[in-house]
Amino acid sequence: MSREPSSIAPVAERPIDTVRGTRDWLPGEQARLAALESLLLDRFARAGYEPLKTPVLEFTELHERKSGAGIVAKLFELSGTGQPGVCLRPELTAGIVRAYTAAAEPPPLPWRVSHSGPVFRYETPRPGRLREFQQVGVEKLGDSGPVADGEVIWLADWALAQAGVEGATIRLGHVGLILEMLERSGLPVPLASALIEMLSEAASDGRDVRALERGLEQLSGWLQTAEAVEIPNAVERADDVGIDRLFRTLVPVVTGRRSGHEIVHRLRRKWDLSHGLLSALERVRAQVHDLAELKGHPDVVLARLARDYESSAPESVAALRTLVRTLSDYGVGLDRVELDLGFGRGIGFYSQMIFELLVPTPEGKVEVCGGGRYDGLARVLGSDRDDRGVGFAFGLERLAQVLDAQGRTSSALAPSGFLVVATTTAAHQAGVQLATRLRNEQARAVLSIDRGLDEAIALAKSLGLASVVVVTGSLDAPNGITVHDLANSTRAASSVSDLVRLARAEAEGRR
């Protein structure tokens, strides 16, 4: 018995959306991102930075060692990999330093490499920040000093200008200044080390040096507490995770049962307060407070540093002075440079210079690139190789958004290529031959059959093509090829040889 077809329409399946914090990049959008990535990598290559690739999957420990709690808390950790402690990489630098330390033969130094690829951070999605995004940047390993730093900052600034962005500000800081000041402060080594670790943790959480100032203020208060005064448990009372870490570093045996006054008593026994510990703490706190507020034009800030900090951090002050001079030597206008000694970046492995590139948009300034010096990272990862390093990374999607906000299109993203339209079936073979010839000349050539001119022009514009080439018959026939230039809205008869010359000129312009 035959079965009658069902008259009941199938129920549509529930659409499957993208994972929160991710998005699709359709062909036109992806082509633009790819062109922007290619432009940046090309400019890096001109300065001697060659591309390398590292895995997306990494061991969590790689980032736990030094990236800091602010990054570790955002890791996408994976299960079912057959190995414990595997994550999606949250940034690229640590993996590249690992690759440097693991190379069978030590690379020649300085080792200049470029990188690009997706990174993943578990954070609240918002405009300009997804959970999956692409970074493009460079690392320079085995070289140190402000001259090397200047090269890297200039390269980031120059590449940004080459992408079509104007009016960028270089925000420049120096973590090393506070680190050197703490080392020379006269504080006990364990205390200075704990404060340095606290500053690193604050930076990894995206906070500035004011977090260190608050920690110093609370520590001074606790140390001055009268012995008879009972303080609630210091760790529980701490309003900053850095204070918790500070006390646990200073007094490793602290437990949840130990009260605040017991901690104070232990510190009093450990260090003789009569030898000026409190006055040293207050002096450092005052210096940190002043540094947190110190920002402005390089000439103004450097003059203040020379007056107030030359004695407490001479190496860092000299390094900043040389770095600013190096940027000027590269042709960077100092009116675009802001020295800001209070800002911190969201990764804890920076040890000296840090910087960001900020771009003006109608919604305000947007950070599109950031980086800094991370001497010592290779050693933290277990290597005895040269551990000096400096680098930066652009957020590719954010850079594209800034270009849109500024109403700019990089020359590398300008329309190029041909839509070859065969108007009849008879012209199909000629159209195929012409498209193939243009592709062999490194041109983009998209073939379309039986499409009207208006429709062809609309399609070519949507694909980012520069011309519509209409083929009506044999390629050798008079008026067999007509070219419509979309930029100039002109139309002219052409020949295969003319189109080949045009294709070669376009290819040369992309180099």
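Placement of Cβ uses the backbone N, Cα and C atoms for every residue, glycine included.
Bear in mind that TrEMBL entries carry predicted annotations, made automatically and left uncurated.
Per TrEMBL, these features apply:
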type: BINDING; residues: Glu91, Leu92, Thr93, Arg121, Gln135, Glu139, Arg345; note: L-histidine binding site
type: DOMAIN; residues: 36-415; note: domain 'Aminoacyl-transfer RNA synthetases class-II family profile'
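The binding-site residues examined here are Glu91, Glu139; by Cβ neighbour count within 10 Å, the least packed of them is Glu91. The most crowded of the binding-site residues listed here (Thr93, Gln135) is Thr93, judged by how many other CB atoms sit within 10 Å of its own CB.
Taking all protein chains in view, 21 other C-beta atoms sit within 10 angstroms of the C-beta of Arg121 (L-histidine binding site). Sequence-distant neighbours of Leu92 (L-histidine binding site) (same chain, 6+ residues apart, CB-CB distance under 8 A): Thr54, His115, Gly117, Val119, Gln135, Gly137, Ala393. In the three-state DSSP scheme, Thr93 (L-histidine binding site) falls into the helix class.
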